[in-house]
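Visitor: After the structure tokens below, expect a handful of questions from me.
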């Protein structure tokens, strides 16, 4: 028996779970535009207030994947998504975007799923455009980019057209809802491996278990205890790791990898252009905090991509990729490849 939106709302008010099949049904109504904006707003707010469960999030992500314009990648060995939920309020340069270039230079295939900045001064789409990358690609062009350069950027609005049905509701509500945590769970290229940064410590255990239910292979969900949705240099980082179907939760520290713990304050930027400059300096092997945090995150991404057997081994590969100039070359490679599709 399907649940009505009114029954679902009542369930959230009573702090009771919406079951898997019911959540699938409700989410399909929202994505098709068959639920009124008032009911959609009430339900997603109700879910937020009662706190979304692992089952509810997994069901919602399943439907969002159903409605996505997919990127078909033939060989998914060492294939990883590097993504953050955003919303951490740290306003740093685009660490995960810089990480993509280093990971690709060290042998991973990266499908980065991202958007323009909402809470940040510069989203991944903004900084890639500032670098000269054409982000407006069709799914088959993204697949070609991954095959040719080892990197593909999927601009979220191009791959999730059904999101336009809920976008006005989200905009008007102006508060975090389940949709803020669905983005990183709905990679249109279905990368089996992932490094995912989250904006709240509670999400570490939740998101890694959602990915477990969604059938992912090797995932590291991270939260820097200084509030960053990245592996942090300024504090310990909480990690939820899914590997071989098993979940482990632990903490890592910069010192574990021979790195100094330093404040992330110097990584703040005010614009996409400032982010571009800092990203290029890090990839250009300029000594400093930016290079170190990119190295740390790239090492973690290479471990999640199974290119490296440990984070420590990944960090060494990342250092080599930056020092050799290969990471910086990857920027020019992606710009050249994507510009041929300029419309």
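Every residue gets a Cβ built from N, Cα and C, even glycine.
Pulled the feature table from Swiss-Prot, pasting it below:
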BINDING   84, 87-88, 92, 94-97, 112-120, 124  5-phospho-alpha-D-ribose 1-diphosphate binding site
BINDING   84, 115  anthranilate 1 binding site
BINDING   96, 230  Mg(2+) 1 binding site
BINDING   170  anthranilate 2 binding site
BINDING   229, 230  Mg(2+) 2 binding site
Visitor: Give the distance between the Cα atoms of residue 170 (anthranilate 2 binding site) and residue 230 (Mg(2+) 1 binding site), rounded to the nearest whole Å.
Guide: 25
Visitor: Out of the binding-site residues listed (84, 113, 115, 116), which are within 10 Å of residue 229 (Mg(2+) 2 binding site), Cα to Cα?
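Guide: The binding-site residues passing the 10 Å Cα test are 84.
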Visitor: Identify, among the binding-site residues 92, 96, 115, the residue whose Cβ has the fewest other Cβ atoms within 10 Å in this structure.
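Guide: It is 115 that, of the binding-site residues 92, 96, 115, has the fewest other Cβ atoms within 10 Å.
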Visitor: At the Cα level, what's the spacing in Å between residue 115 (anthranilate 1 binding site) and residue 84 (5-phospho-alpha-D-ribose 1-diphosphate binding site), rounded?
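Guide: Rounded to the nearest whole number, the Cα-Cα distance is 11 Å.
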Visitor: Among the binding-site residues listed here, 113, 116, 170, which has the most company in the form of other Cβ atoms within 10 Å of its Cβ?
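Guide: In terms of Cβ crowding, the pick is 113.
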Visitor: Can you tell me whether DSSP puts residue 115 (anthranilate 1 binding site) in helix, strand or coil?
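Guide: Reduced to three states, the DSSP call for residue 115 (anthranilate 1 binding site) is coil.
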Visitor: Can you grab the distance from residue 230 (Mg(2+) 1 binding site) over to residue 84 (5-phospho-alpha-D-ribose 1-diphosphate binding site)? Cα atoms, rounded to a whole Å.
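Guide: Each residue's Cα considered, residue 230 (Mg(2+) 1 binding site) and residue 84 (5-phospho-alpha-D-ribose 1-diphosphate binding site) end up 7 Å apart.
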Visitor: Using a 10 Å cut-off, grab the number of neighbouring Cβ atoms around the Cβ of residue 229 (Mg(2+) 2 binding site), all chains included.
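Guide: 28, counting other Cβ atoms within 10 Å of residue 229 (Mg(2+) 2 binding site).
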